[in-house]
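Asker: Encoded as structure tokens, here's the structure I'll be asking about.
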Amino acid sequence: MQKTLYLFASGRLRRKDNTICVESEEGTKYFPVTSLRDIVVFGEVDLNKKLLEFMQENEVVLHFFGHYGNYVGSFYPREHYNSGYVILRQAEHYLDPGRRLNLARKFVEGALANILQVLRYYQNRGKDLAPYIEPIACLAGDRLSLCGNIEELMAIEGNARAYYYDSFNIILEGAPFVIKGRSKRPPADPLNALISFGNSLIYTKVLTEIYKTHLDPRIGYLHATNFRRFTLNLDVAEIFKPIFADRVLFTLVGKKMIGSGDFKRHGAAVLLKESGRRLYVKELEDKLQTTFYHRRLKRNVSYQTLIRLELYKLEKHLIGEETYEPFVSRW
Amino acid sequence: MYVILVYDVNVARVGKVLKIARKYLNWVQNSVLEGELTEATFRALKADMERIIDPEEDSLLFYVLGNQKYAKRELMGIKKGGEEWIF
């Protein structure tokens, strides 16, 4: 199983002896390229083109995060799986309003179904979540199937998420943090900081997996394709955010692994400190490497692989082999 | 599969062996590396090694474990290297 390297150290990231080497104050460390999938850089590293060339050869994606934990961008190496056919099918599905809406709806459907699954889990553990589950289930049902355009879809998703984020206070009863609605740019409280950080990691995770398929990350369906950035990963990430990012958040906060000492205030923003980010990343990686029995494939797969499988399903849908149905967690 | 590599080679080639090994495995301590490999990368590692070692003088040992779960590692003294993906 290929690994993700999370780089918090500052120093020099370089190609040395045909592998990856980090030279920092804490010493020099080598990382085997053959078992590397991507690198997520948080530290202030220096790197050169030689490294980028090497990354391209080895098909390793680099993701950069800024000083405040904001997503800066990715080094998306030259595509190695080229398929004009798939790109055309992707564009075709984008341009046809009916087909685009259909796909966008599937993403929202998947996202809401997984949100409900997470809420039901906590309901079974004695939390009073019925006042949240009902409206979300209502939105996920008729409202979703009736809506006729992308804007309506986005609105439904937004409403559902508003209920969902409110429910965090019930799920995390007794935790030192409370959430007063979702706030981004900047996140106003620790829980919002965790949500934002988690979501941006999931986006990069999905992007890395897209790199390993024929899909073009620039053509998204729910999130409008525009001139500047990747959007397909945002679409697919919608499905996985509740089951990966939010569950990691509940573990960290619920088990009191993360405390107010792991956050810092910066003006109106609440940001994760390095210690907090390390905790999060560790927990997320553990989650992604957990395997479970996949009913259809009849074998164990990890959550990381699950992301790729989702993309394959999407590819199949685009080339007209099989209708896409989003992954819905059963547990 | 989980592979532990232990090597004892002529000084003329220790550097070369180490450099190749680091492409595939994590350095643990002098002459010992370990890591998770696939069948294919393991074969690539062996092919790379075959090209540089002298079969008359050098010795490489690969301990191949199907799964790391069945192995237990105990450490005494200082930790020199190891598998870390958060750095």
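Every residue gets a Cβ built from N, Cα and C, even glycine.
TrEMBL annotations: computationally assigned, not manually curated.
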Asker: Among A:E134, A:E173, A:E238, which residue does TrEMBL annotate as binding Mn(2+) at the site that also has A:E157, A:H223?
Answerer: A:E238
Asker: Out of A:E157, A:E238, which of the binding-site residues is least crowded by other Cβ atoms within 10 Å?
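Answerer: Across A:E157, A:E238, these binding-site residues, the one with fewest Cβ atoms within 10 Å is A:E157.
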Asker: Once A:E157, A:H223, A:E238 are set aside, which residues in the chain still have Cβ within 8 Å of the Cβ centroid of the Mn(2+) site?
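Answerer: Residues close to the Mn(2+) site, other than A:E157, A:H223, A:E238: A:A104, A:F107, A:V108, A:A111, A:L153, A:M154, A:L222, A:L234, A:D235.
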Asker: Tell me which residues of the chain lie with their Cβ under 8 angstroms from that of A:H223 (Mn(2+) binding site), as long as they are six or more apart in sequence?
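Answerer: Within the chain, A:H223 (Mn(2+) binding site) has Cβ neighbours under 8 Å at A:T231, A:L234, A:D235.
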